[in-house]
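See structure below.
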Amino acid sequence: MTVSGRSDLGTPAPAASGETVTLTIDGQPVEVEAGSSVMRAAAIAGTEIPKLCATDSLKAFGSCRLCLVEIEGRKGTPASCTTPVEDGMAVTTQSPRLEKLRRGVMELYISDHPLDCLTCAANGDCELQDRAGQVGLREVRYGYEGENHLSRGKDETNPYFTFDGSKCIVCSRCVRACDEVQGTLALTVDGRGFASVIAAGADEGFFESECVSCGACVQACPTATLTEKTIIDHGQPDHSVITTCAYCGVGCSFEAEMKGGEVVRMTPHKNGGANEGHSCVKGRFAWGYATHRDRILSPMIRESTDQPWREVSWDEAIGFAADRFKIIQEQYGKGAIGGVTSSRCTNEEVFVVQKMVRAAFANNNVDTCARVCHSPTGYGLKQTFGTSAGTQDFKSVGSADVILVCGANPTDAHPVFASRMKRRLREGAKLIVIDPRRIDLVRSPHIEAAHHLQLRPGTNVAVVNAMAHVIVTEGLVDEAFVADRCDTVSFERWKAFIADPANSPEALEADSGVPAQTVREAARLYATGGNGAIYYGLGVTEHSQGSSMVMGLANLAMATGNIGREGVGVNPLRGQNNVQGSCDMGSFPHELPGYRHISDTETRASFEKLWGVTLEKEPGLRIPNMFSAALDGTFRGMFIQGEDLAQSDPDTENVDAALQAMDCVVVQDLFLNETAAFAHVFLPGTSFLEKDGTFTNAERRINRVRPVKPPLQGLSEWETVCRLATAMGYDMSYPDAAAIMDEIAATTPSFAGVSFDRLDREGSLQWPCNEAAPDGTPVMHRDAFVRGEGQFMLTAYVPTEERSSRSFPLLLTTGRILSQYNVGAQTRRTQNSRWHDEDVLEIHASDAEMRGVRDGDLVALSSRKGSTTLHARISDRVPPGVVYTTFHHPETGANVVTTENSDWATNCPEYKVTAVEVAPSNMPSAWSRKRRERQQKSVRIDAAE
Ligand code: SF4
Ligand code: SF4
Ligand code: SF4
Ligand code: FES
């Protein structure tokens, strides 16, 4: 239960059939969907039948026997949770017989329950307590002395929740939540009858078990057995605010449950369109960073980066930054400064930064961290479909028959969506995984990929072309769809190109390392297996051919008719919470909000009129161009919103040198991150708990982010930016964040129907939301592509220049892990680090043995760009010749070794392929020693004060 006291209808809604059934509950007629349970029908009619093992997020189980009812014409007292409704049924929910039976059941439960209600953490939020009251239990005739479970101990190993076995009623809601909702199957009921106990793994506690700490079991538990430690420490919440998770692009809705001004629990919101009541460990538990002692709450400045920081007023910090930027522009021209927007910030915060750059800086030197993740998605999907966004809502995966996961690791990076996907896979959908590494989805409880195409890093396009070749040459094209929906000239040209034997699986096998027969079988399955849905991640985009691969996947979907309805589509799984939104808001140097090219006179004119300025019509600099220009001495000032370029961008030494070369680096962030070591001005930012605005998730869903407390540092981020723009000479102000969204809606056609008022009324909206689509657009390209006809693009496979060599014989690829998030700035400041406190290098046993490396050894990882050290983990997840690491810890500096190679169309870095060598080591790298020295200088307060 939560403080909002959400209703629980007891059993889930039945599959929609359009049919209804009429029955009477205690004499009152009620009409419900066919397939509903009697319990659900009663709840809809307003009668709450007592229940313990039932809850409407789980299938009915029928174990507690508390929900008994009488049904006219039937013998006995059936359980209402497992009894389906029938037309004309007459149900009685209350009678002396039922009262007696229910009290008897409750008596048994209570006689084996510690009666410490007044000091129990669940006091006031316990279904067992509520049910005892509901059935009118007044005495326990059996006493409390018999055989019982009261001495069962506690498992406190999980950092976020406790399992107190003495309070368990073995209703198995936790086990079923783990199976049905999360799909991890970490819990079991051990033993039988009276000896039954809930177990997480054989002997180990929750922490060491398969449990991924999603918290679904805690939420499902009707007693205090599974309880959040924050609730044990602080007590029950007294009010709640609905908001959105600030981690990944799934965009889960939460009730931030508060006690006074502090959050005591984050409960996934049942009506959240993206998550429907589920969450992962990050969103549910890892929010403590928001009040971490490392947070900077005062603006700070310093003349040069070898000086300590000095705390100053907002006015002084903003004035200092504006003066420096103005001096740079006077000396080096107006194009000598620029800004970077953050995909962690709200749409409103991003919108004002790009507006500040365009209107106050008077150039288009604005880029976003999406440059280094999904910019090829923007390019590729716009070319083929006409808009830079995923085609489906998350629900759609429930109708997929074949799911192709390419270069994505949903169970780690998009866990709540992964749970939906796993549910569909357990129902029988087939899975194709294209990934150099054996991700969890390849084989997990009740799931096994039909095909794992374990390709060599850098050969995505070879594989997608080979699949398309099979589809074209084996007559598997959906000719009717292509003729009806696609540009046939581009199709014929593509068909001739892809049918060339050079694109056959056999011809490309040597490059990709994937057996031709496996490619053929996977292609046939995708083309003929029913609804085919593609989900992809950074393993597609972060390559020298990232844009080609996105277009290759789009070609595949169009050729097989897998676009424009439920269960199909091409879907980028966005990394950060607002990658979609930051791109939508005009963060790219060539595009105004809504992906309209800056060179378009009419679009420019509409903004010029509203903003009262003349806009530059030439695109500005991308992030890598800004760095190059900084090293050339022509680009000298940068405003960086919530983005740690020095940790997240490739070729760290080059990034460091570029930042060091600038005269004014302004960082707006929560913490003194790696980039702040090069900054002259630090403008403290707000956590998501203090933000008022919107995030747009991977399914184009615009969700409200509501403040649960005022900004701890005193100023909204958008206000800070407005004040900086004003100090630069361009008056910019808004009464509130809602007014910024009103401006977005007024200037951006796909957002025309969006406002805070509407979002507050309706919960969320998926763009396009305008006159043509007043209710938003869950599935795109239904009747026609946004660009009219789907465009097939040629995707010639060009091997990357990054090849293994004698000096660097291994290929490094990178990725994320569930418990940490990106550069780790947030999650490293939570208990999540207990699962992953350092980045390690996965290496195959044969490669390790050849180099004398043992499991756990410190190794030097070197490329032509640099060297770092980390511990090795021998793993068969990677094939020989491939090594893998995560990039969450700045001490490791995984990007010290990544290169300057990037996508041909968008400059998205080629993070996923770096030729490296691994060798045993006994000391930190030179880079890490340099970093330590820099950190020591970048102390917070002037020691002289
Ligand atoms: S831990 Fe909670 S949900 Fe699980 S069986 Fe025990 S009482 Fe039920
Ligand atoms: S926290 Fe999640 S994964 Fe762990 S046991 Fe509970 S439901 Fe399963
Ligand atoms: S899946 Fe993503 S959005 Fe949802 S709770 Fe986890 S991190 Fe947050
Ligand atoms: S609620 Fe129906 S048997 Fe438990």
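Glycine too: its Cβ is placed from the backbone N, Cα and C atoms.
According to TrEMBL, the feature compositional bias 'Basic and acidic residues' maps to 935-945. The feature domain '2Fe-2S ferredoxin-type' is assigned by TrEMBL to 19-97. TrEMBL lists 97-136 with the feature domain '4Fe-4S His(Cys)3-ligated-type'. Summarising the annotation, TrEMBL assigns domain '4Fe-4S ferredoxin-type' to 159-190, 202-231. What TrEMBL records for 238-294 is domain '4Fe-4S Mo/W bis-MGD-type'. As annotated by TrEMBL, region 'Disordered' applies to 922-945.
Secondary structure of the domain '4Fe-4S Mo/W bis-MGD-type' (238-294) per DSSP, as helix, strand and coil residue counts: 9 helix, 21 strand, 27 coil. Beyond its flanks by at least six residues, the domain '4Fe-4S His(Cys)3-ligated-type' (97-136) meets 1, 48, 50-52, 64-66, 68-70, 77, 142-144, 146, 148-150, 166-167, 169, 222-224, 227, 231-232, 235-236 of its own chain at Cβ-Cβ distances under 8 Å.
Across the domain '2Fe-2S ferredoxin-type' (19-97), DSSP helix (H, G, I), strand (E, B) and coil residues number 9 helix, 21 strand, 49 coil. If you average pLDDT over the domain '4Fe-4S His(Cys)3-ligated-type' (97-136) in this model, you get 90.
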